[in-house]
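Engineer: The structure that follows is given in the form of structure tokens.
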Amino acid sequence: MCGVVALLSNEPVNQRLYDALLLLQHRGQDAAGIATLDGLQFHMHKAMGLVRDIFRTRNMRDLTGNVGVGHVRYPTQGCASSNQESQPFYVNAPFGIMFAHNGNLTNAEELKQELYETDRRHINTTSDSEVLLNVLANEISRVTADRKLDADGIFEAVSAVHRRVRGSYAVVALIAGKGLLAFRDPHGIRPLCFGSNVTATGEKEWMVSSESVTMVGLGFKLERDVAPGEAIWFDFKGNVETRQCAEHAVANPCAFEYVYFARPDSVIDGISVYGARLNLGVYLAKTVAEELNLMDVDVVMPIPDSSRPCAQELAKQLRLPYREGFIKNRYVGRTFIMPGQAVRKKSVRQKLNAMPVEFEGKNLLLVDDSIVRGTTMKEIVRMARESGAKKVFVASSAPRVMFPNVYGIDMPTKSELICGDGKDADAVAKELGADKVIFQSIDGLKNALHDLNPNIPAFDCSCFDGVYVTGDVTEAYLEKLGKAGKAAAKENDEDDAQAGNVE
Ligand SMILES: O=P(O)(O)OC[C@H]1O[C@H](OP(=O)(O)OP(=O)(O)O)[C@H](O)[C@@H]1O
Ligand SMILES: NC(=O)CC[C@H](N)C(=O)O
Ligand SMILES: [Mg+2]
């Protein structure tokens, strides 16, 4: 999962793009970048690392201009440790395009070949985002071969992109001298919204962003989500046009955004992420009440951070005391989105500390938002026992994660998932060393989200139910992805070992 943002104003945007990226940091911790456009000249600074470490005053000073795009990266394809693959990406023709992408293409390999053989375009990295940019550039080139670029031409190009590209993509693209384009894949798997503000001189300025939290943080009014398949064109003359560019657009937003990825204070496709997490607690409480004798539970305890709203609501529903027993070191980032398994493991230990007073002699019901590889929960159960817990029950607000995710969450192989081999809850409990493990049901997850926006026909729940909404994901593709994922994981672990990040 990555974060994208774009700003179009009549005032400088560098500082505000930086502020927006800080608010999107939870979506990607590996690399970040900002590009601005000043007249016809792009300025860019991108590097590996966290936003606050990458941008120095001298970099910020160089990012002049009143329009720009930004990106925080959590790699899903290509090389995690290469600055070459951090975003924004740039192509100089047609016009000069600066581009940022959140998502993952499922036909990137075929497109790469097609781009070379047919469109005579070379892709120099292993990033699918560079592929997507070149498809877009090629289609804009084709449309403008014999006419000037206008909104119709832009929308025609995006329609062609939708016809050629499969997978998930939420995109912002800045075209030199022309305008700012935003579009979302026909299933709307990854989030994208836009908002506006009035500047000191009374002119309207625009922001496009992965999450609405940036609108609130920067004083913009959220207009709405970009619809699945829709494109929005903000030209530099001040016109804004929107069009549905997909033939069969249907909303299938990713359920995992609500479970874990997005910030709780964002609203995605009309659903408050915080509200979704509370409601997941309501449904999870029902399952817990069926499967556990509540007399056996002394306290409900969250695993900070993401599970807190769910755990609080669950405790309220079950009329059980809620206690914080794990204290989080606020200087350690999210562990799930770190690229190597060894460093993830080490970080869980650095990140969470148990307070014995909340554990000694007690039966705990630990609540986490998800158990994916089991890295977090294995350590947590061990720490709970070491701190004197009597019984350790575990509940997960997400169902069992059994299938790889191909739409922008880095879990490409079944073998790395604790439930990838179909393990049931009892077998998971054994592996984690817990007395019992209870998972949310898939219906519980779907209902918890549907309750909050019945207009969404279906959510992408592929990592839970194996249903891939784009319809093109084959066993052969998953096998190939698995192999690439394993190789990347090995490389990341080796890099971490070399850098001394792990023992
Ligand atoms: O089973 P695993 O593979 O360990 O993955 C699941 C865990 O990872 C995430 O936490 P993370 O530390 O990334 O972020 P958080 O602080 O937002 O909870 C998530 O909230 C779970 O705790
Ligand atoms: N998580 C994402 O959105 C990643 C974007 C792109 N696929 C990359 O690997 O850089
Ligand atoms: Mg967590």
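Cβ coordinates come from backbone N, Cα and C, glycine included.
The active site, nucleophile annotation in TrEMBL covers Cys2. The domain 'Glutamine amidotransferase type-2' annotation in TrEMBL covers 2-237. According to TrEMBL, the feature Mg(2+) binding site maps to Ser306, Asp368, Asp369.
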Engineer: How many Å lie between the Cα of Asp368 (Mg(2+) binding site) and the Cα of Cys2 (active site, nucleophile)?
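Structural biologist: With distance taken Cα to Cα, Cys2 (active site, nucleophile) is 22 Å from Asp368 (Mg(2+) binding site).
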Engineer: At 10 angstroms around each C-beta, which of the binding-site residues Asp368, Asp369 has the fewest other C-beta atoms nearby?
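Structural biologist: Ranked by other Cβ atoms within 10 Å, the binding-site residues Asp368, Asp369 bottom out at Asp368.
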Engineer: Using all protein chains shown, find which of the recorded positions Cys2, Ser306 scores highest when you count other CB atoms within 10 A of its CB.
Structural biologist: Cys2
Engineer: Averaged over the domain 'Glutamine amidotransferase type-2' (2-237), what pLDDT does the prediction give?
Structural biologist: 96
Engineer: Can you name every residue in this chain, apart from Ser306, Asp368, Asp369, with its Cβ inside 8 Å of the center of the Cβ atoms of the recorded Mg(2+) site?
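Structural biologist: Once Ser306, Asp368, Asp369 are set aside, the remaining close residues are Val259, Tyr260, Pro302, Ile303, Asp305, Ser307, Cys310, Val367, Ser370, Ser396, Ser397, Ala398.
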Engineer: Give me the Cα-Cα distance between Cys2 (active site, nucleophile) and Ser306 (Mg(2+) binding site), rounded to a whole Å.
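Structural biologist: Answer for this pair: 17 Å between alpha carbons.
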Engineer: Which recorded positions out of Cys2, Asp368, Asp369 lie by ligand 1, going by a Cβ under 6 Å?
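Structural biologist: Once distances to ligand 1 are taken from each Cβ, Asp368, Asp369 fall under 6 Å.
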Engineer: State the three-class DSSP label for Cys2 (active site, nucleophile), counting H, G and I as helix, E and B as strand, and everything else as coil.
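Structural biologist: Going by the DSSP assignment, Cys2 (active site, nucleophile) belongs to neither helix nor strand, so it counts as coil.
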